[in-house]
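Asker: Sharing a structure with you now.
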Amino acid sequence: MTTTIVPGTSSGTSPGATPAPDAGGLRLTAHQALTLTGILALCVAVLAFQLDVGLTAVTVAVILSLTSPKANKGAVERVAWPTVLLICGVVTYVGVLQEIGTIDYVGSAVAAIGIPLLVALLICYVGGVVSAFASTVGILGALVPLAVPLLSQGTLGPVAMIAALSVSSAIVDVSPFSTTGALLVANVRGMERDQFYRKLLAYGAAVVAVGPLAAWAVLVAPGWLG
């Protein structure tokens, strides 16, 4: 029996096999290049020129939409507008509370109790609860000065207190009312958004309730961290 080998084929490959796609065929389109340029311009404008990140991002998005209207068709409909409105409302509300001094008043009232360990625990809870609805960095900037008089007494270690407050404020970012949690809800895949929102809300509430207590119990109460 004679075997004929056709040039350009392999004896182990079936006649109907589809050749693998050429990896070098993926090329950057003009719209993708413009999008990357817009992201780079946004970073430069915010970091180098200190422009408002929200207004600059909207400006870049409008320019991209005008330059490539067909490529951006339907993008607005895919935006999770309820999540956007939720973030805007929560950030505005917390901003008003900070502006009128509500958060500072609560923190000052807690700091005036006079029992260092209890005050440390309550300050951690204030940071955790408020940070679930607002920026973690902003809350730390407001609460750390309130802990300074407590730390000056020498009863608590400053490293332990600042670490516990930072953990309490950062661990609650999974809340769907915070920016991080809201982005998770907006980009959920493989599950109904409302179902994921309820699960994340329950998980966030549990973290808000337990997280500050755990951080205080591990970092502050034992006194092992200076």
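From the backbone N, Cα and C atoms, a Cβ is placed for every residue, glycine too.
TrEMBL lists 33-165 with the feature domain 'Citrate transporter-like'. Annotation comment: TrEMBL describes 39-67, 79-97, 103-125, 132-152, 158-188, 200-225 as transmembrane segment.
Are these features on the surface or tucked inside, and what are their neighbours?
Answerer: If you average pLDDT over the domain 'Citrate transporter-like' (33-165) in this model, you get 82.
Long-range contacts of the transmembrane segment (79-97) within its own chain (CB-CB distance under 8 A, at least 6 residues past either end) are made by residues 103, 130, 133-135, 176-179, 182-183, 185-187, 193.
Listed by sequence, the residues of this chain that lie at least six past the ends of the transmembrane segment (158-188) yet keep a Cβ under 8 A from its Cβ atoms are 80, 83-84, 86-87, 90, 120, 123-125, 127-136, 139-140, 143-144, 147, 150-151, 196-197, 200-201, 203-205, 207-208, 211-212, 215-216, 218-220, 223-226.
Tertiary proximity for the transmembrane segment (200-225) is limited to same-chain residues at least six positions away from its ends with a CB under 8 Å from its CB atoms, namely 117, 120-121, 124-125, 127-129, 132, 156-157, 159-161, 163-165, 167-168, 171-172, 174-177, 181, 184-185.
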Asker: Against which stretches of its own chain does the transmembrane segment (39-67) lie, if we need a Cβ under 8 Å and a gap of at least six residues from its ends?
Answerer: 31, 75
